[in-house]
């Protein structure tokens with residue numbers, strides 16, 4: 001009885017007392033790691049916490065706004081008198097509407113303690129310059145080439161994304177992922193084959209817009225991963241600085257044009273634009289841009305680029321209908337080829353995600369483990 005009392009009263013060994021503490025510490029360390037898995041997902045893979053329903057709803061809304069923009073942006077550009085004015089109106093509307101949203105919802109970001117406003121400014125300035133060039137080049141290209149051909153040029157963005165991510169970030173993609181880019185871009189080209197109107201200026205502007213959007217996608221994703229700011233803050237801050245750059249560009253256009261018109265469209269004059277048209281275009285552009293920021297955060301650089309290609313594929317088909325062009329069998333073949341490429345890409349990303357997934361604890365137990373089930 002004395003021995004039993006002594007064993008009960010005696011303290012447990014140090015190793016036995018530390019075991020529950022170590023297990024609790026390991027569990028606490030695993031929880032933030034799991035929470036950060038979605039934010040630190042590779043640029044070519046979607047975030048793990050993104051559900052299929054949320055992604056599907058995002059894509060549908062994003063594509064719908066792009067279809068509306070394909071027609072209304074072209075109409076408003078001629079009403080305003082040039083591409084620079086259209087870009088300035090778009091970014092100004094985003095700035096005002098975005099500041100209202102931020103004031104109402106008071107978004108905050110759990111940015112690291114060592115990140116200051118200066119770091120945020122240094123990150124946003126290059127992005128706003130890229131946005132300015134990308135916007136002017138895209139809107140100006142619509143003056144020279146059809147919308148379908150312009151979106152065909154911008155369908156080369158996945159190629160540039162893979163190359164830039166490989167050169168700058170050293171990111172490696174599976175062979176099936178690289179091969180899936182070929183039918184995607186080729187299918188988009190076939191889908192717009194009946195409306196290819198080549199113009200050297202329009203082609204060059206389209207390439208400039210595509211190249212700048214590649215860097216925009218990659219840099220925006222890196223900013224969101226580093227948690228320098230929220231996606232809404234990134235959208236608003238970029239639009240505000242871009243508005244300033246576009247105002248300077250518009251001032252230059254007035255000094256270089258004898259009629260006071262847009263430098264990209266000499267001789268144009270500012271017209272009386274219907275307020276309702278401007279409101280619809282502004283709201284649609286704000287929604288489209290907002291959805292694109294969310295898509296970058298959820299899909300990653302390459303995933304966003306592929307989704308953007310499919311969006312342009314739908315815009316191409318819609319432009320054929322909206323601008324009164326006939327659909328040929330070659331368009332249908334192009335759609336099917338692009339769909340096959342997107343399916344191949346999704347399968348390759350899914351396979352890579354499964355192979356990179358962590359092995360569960362129960363799977364690590366060997367046959368010699370006496371605690372194995």
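A Cβ is built for glycine as well, from the same backbone N, Cα and C atoms used for every other residue.
No curator has checked TrEMBL annotations; they are predicted automatically.
The structure displayed is predicted, hence computed values, not measured ones.
Between the stretches 16-33, 34-51, 88-105, TrEMBL puts its transmembrane segment entry on 88-105.
Here TrEMBL gives transmembrane segment for one range in the set 125-145, 146-166: that range is 125-145.
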